[in-house]
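Okay, structure first, notes after.
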């Protein structure tokens with residue numbers, strides 16, 4: 001009875017598992033996107049479940065056969081019991097047979113329970129695998145191209161656009177290469193021009209034709225030499241300033257007082273500038289009169305203005321005065337620049353002298369401090385000697 005009850009419960013478990021498998025293996029899927037991986041895994045799971053059910057059926061069949069065999073052995077056992085009753089050991093034989101049959105039934109129940117637990121675990125693993133496969137996306141379905149309404153004209157236009165992009169990219173690359181080449185050529189030419197300028201400046205410095213340089217060229221040369229720490233003030237004075245002072249006697253008189261010389265130059269330049277402005281105002285006024293002449297006498301005024309302008313321009317005195325003013329302006333500008341150079345040199349000389357004087361003062365202070373230190377040491381030595389003489393009783397003899 002115990003074995004029959006176990007078989008019934010075991011069949012109930014199998015039926016519940018089968019219904020659960022049917023529920024889990026039939027999920028709602030989209031009819032347009034079937035998953036090949038999930039179908040394959042479902043087939044494998046179905047095969048495993050069928051194998052498990054077959055094994056359970058075999059186990060159940062074997063258990064039923066064993067139970068029938070046990071029941072079939074009952075008459076034999078009764079006959080043996082009858083023989084045992086004849087021998088006088090009926091109770092002991094029946095107890096041993098019952099004990100043996102109960103032990104066999106217990107072993108059979110344990111084997112069936114162990115197999116059932118293994119089968120249930122295997123079914124749980126298969127269900128878990130099926131659920132994980134259902135959650136994962138189907139690679140076959142994801143790799144399928146999405147159909148989109150693309151016409152042949154669109155494809156041709158796309159190809160033409162791709163060709164245009166390729167051509168523009170190539171043209172841009174060529175332009176970039178040309179730009180890089182031009183930039184390298186520009187840098188090479190700039191370096192060549194700079195080297196030629198340096199060579200020219202060096203040749204100009206080494207030559208004796210420094211007076212032929214303009215003020216801007218000379219100023220740039222001096223600034224470049226000062227930046228390179230190669231400017232020699234004494235050499236510059238001996239080559240340029242002294243020669244200019246020999247040619248211009250008036251400049252020699254202003255060496256002693258360069259500030260007054262610069263002031264005179266500024267005043268003369270201001271006066272010449274005012275005179276030039278006055279002449280320019282007169283010319284501007286004449287031009288204004290020519291432009292605003294009346295229409296009635298346009299021809300006569302034009303002729304008169306042209307005649308006046310011709311007379312003014314043809315006058316020797318006017319031309320000479322203009323040339324003289326221009327020459328004076330150039331001379332005074334050159335003198336002013338020369339005075340700036342002299343003032344800068346004088347400031348440099350004064351700074352050097354100031355540094356030398358500061359060094360001498362520092363040396364004198366150091367010597368004075370040394371002498372003071374020696375005098376203090378001598379006084380201390382004299383005091384010690386007098387103390388020793390007083391201790392020896394010789395201080396009175398010295399006095």
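Residue numbers in this text run from 1 along the chain shown.
Each residue, glycine too, has its Cβ placed from N, Cα and C.
When TrEMBL is compared with the stretches 88-122, 123-157, 158-192, the one noted as coiled coil is 158-192. Range 262-293 is the one annotated as coiled coil, of 262-293, 294-325, 326-357 (source: TrEMBL). Within the model, the coiled coil (262-293) shows a mean pLDDT value of 82, rounded to a whole number.
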